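Annotated features, as they stand in TrEMBL:
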type     : residues                                                                               : note
REGION   : 1-23                                                                                   : region 'Disordered'
COMPBIAS : 1-22                                                                                   : compositional bias 'Low complexity'
REGION   : 59-83                                                                                  : region 'Disordered'
COMPBIAS : 66-79                                                                                  : compositional bias 'Low complexity'
BINDING  : Gly176, Arg239, Gly240, Gly264, Asp265, Gly266, Thr267                                 : ATP binding site
DOMAIN   : 187-220                                                                                : domain 'Rhodanese'
BINDING  : Asp265                                                                                 : Mg(2+) binding site
BINDING  : Thr293, Ile294, Asp295, Met338, Gly339, Arg340, Glu394, Tyr451, Met452, Ile453, Arg454 : substrate binding site
ACT_SITE : Asp295                                                                                 : active site, proton acceptor
Amino acid sequence: MDSLLAPSSTSSFPSLNNNSNSRIKHNSLPSSLGFFNLRKFSTVSFGYSRRSCRLRLSSSRRSKIKSSTSPTMSSSASPEIPQPKIVNGPGGYVLEDVPHLSDYIPDLPVYSNPLQDNPAYSVVKQYFVHVDDTVPQKIVVHKNSPRGVHFRRAGPRQKIYFDSDDVHACIVTCGGLCPGLNTVIREIVCGLFHMYGVKKVSGIDGGYRGFYAKNTVHLDPKVVNDIHKRGGTILGTSRGGHDTSKIVDSIQDRGINQVYIIGGDGTQRGASVIFEEIRRRGLKVSVAGIPKTIDNDIPVIDRSFGFDTAVEEAQRAINAAHVEAESFENGIGLVKLMGRYSGFIAMYATLASRDVDCCLIPESPFYLEGPGGLFEYIERRLKENGHMVLVIAEGAGQELLSESLQSMTQKDASGNRLLQDVALWISQRIKDHFSKERKMTINLKYIDPTYMIRAIPSNASDNVYCTLLAQSAVHGAMAGYTGFTSGLVNGRQTYIPFYRITETQNKVVITDRMWARLLSSTNQPSFLCPKEILEDQGHEESSNELLDNGKCSPN
């Protein structure tokens, strides 16, 4: 697919022989060649689809591409909407590119990448990612459909925009805990130190407010050597505390020129605001995000780090609930798992366990009483098997709680809606129903492992994933990219613009095959009437269609 964009024999860079000691001289290449090659592209647009300003480019105008606006950001003023960098190519090809320092800072010095002299990379046939390499967001397409949306492939570039001796990087963790946080911190530090020779890396203590309220922590490979074996984050974390002006002032005063921000959608939204303020001030500072959420609700990316660990640890709680339930007559094991808006942990843990009889998630409405309700299904399973295991995500069934309208208006420091404990409420309703209405003795055991799951160290799979995310972020920042999130798309590491990460949330599609697999595994009812299923399927089909320009339908 990438060969249609530019043949491998025509690169924007001079050929590099792995056996040669040749190096790119300082300032020997125009800085604009570092972020994309426009020979094969028909148009480049800056802006959203309804507000795009398209520029016809000739060969004499390829050297510089700048955004027409510089959004002004402050803690008191509302931010302007940043303009995405869109590149259109043949066959409906759309590249949603990430910003580059050369977009707003002219005549940047260019340096050769020290990886070409790194013994660890001496066995690699191709040191650097090709300038035209991109990754498609959607890999299943029809024969005549457009090529669709792509993202820039992550990895080391042939030239970099920072002298290693001048780099002062900082790392900050925000929001809730997640398995793998310390691994990401470790690999950013070791990647900067071992791959690029960066010696000055600082840790911001206590989340965003740590930029202006606390001292920094010096980080080096010796300090972070064993932190991946521990849960939590050695830098501390917090919610809220985002004051854009104070944060950017601190970055400027401390001489920081690379900022690595690890956090969920709210944290990435804050990172986007920080990037816009840095761009407005014209600072040579790269802002790179690493998406973190145990709920796996960040869009575009395949999965978030820590998710595999969370699912694996959830198995222990489900297994304990199953043992308790089958050991008593009419035993019910009820397990509450994390999932504020998305039920991925509950769904995958249920599929992996095979001991679960019913899984309730926020995306799938359900009801308690009446024909086809939860109570009727529980009674049937108890009569058939003598026991039952029920898994519920923390955000499921919130509308059923008597005080739900009041809780809808209350939010935490990160802007997340405060939830009531639906699992405790449902467990009490189950007890009341069977003891008072059905005159049936049950033994219900309630297990809540939510904070135990997110506080443990990451497993082997997540450790590898964290390494890839961290090293990709380091490569991108050194190459001059900024305002991006490092993420896995279709099995490839990519650079994704901040706005794509924060524009929506990833949710379980209850008319998708994965949810159907769960229903067939548990034999639970879908709690949807046929009319609702048909409506959801029609909506999903329309939302997955690609338009002629390769973009997804706005519906």
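Cβ atoms are placed via backbone N, Cα and C, with glycine included.
Projection of TrEMBL feature records onto the structure.
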residue : record                 : Cβ contacts under 8 Å, 6 or more apart
Gly176  : ATP binding site       : Thr237, Arg239, Gly264, Ile294, Arg454
Thr293  : substrate binding site : Gly175, Cys178, Gly264, Asp265, Ser304, Gly306
Asp295  : substrate binding site : Ser304, Met338, Gly339, Arg340, Tyr341, Ser342, Phe344, Ile345
Glu394  : substrate binding site : Lys336, Leu337, Met338, Gly339, Arg340, Leu419, Asp421, Val422, Ala423, Thr450
Met452  : substrate binding site : Glu313
Residue, out of the binding-site residues Gly240, Gly264, Gly266, Gly339, whose Cβ gathers the largest set of other Cβ atoms within 10 Å:
Gly339
On the DSSP side of things, how many residues of the domain 'Rhodanese' (187-220) fall into helix, strand and coil, could you say?
14 helix, 9 strand, 11 coil
Counting all other Cβ atoms within 10 Å across every protein chain shown, which of the binding-site residues Arg239, Asp265, Thr267, Arg454 scores highest?
Thr267
Take every residue in the domain 'Rhodanese' (187-220), average their pLDDT values, and give the whole-number result.
94
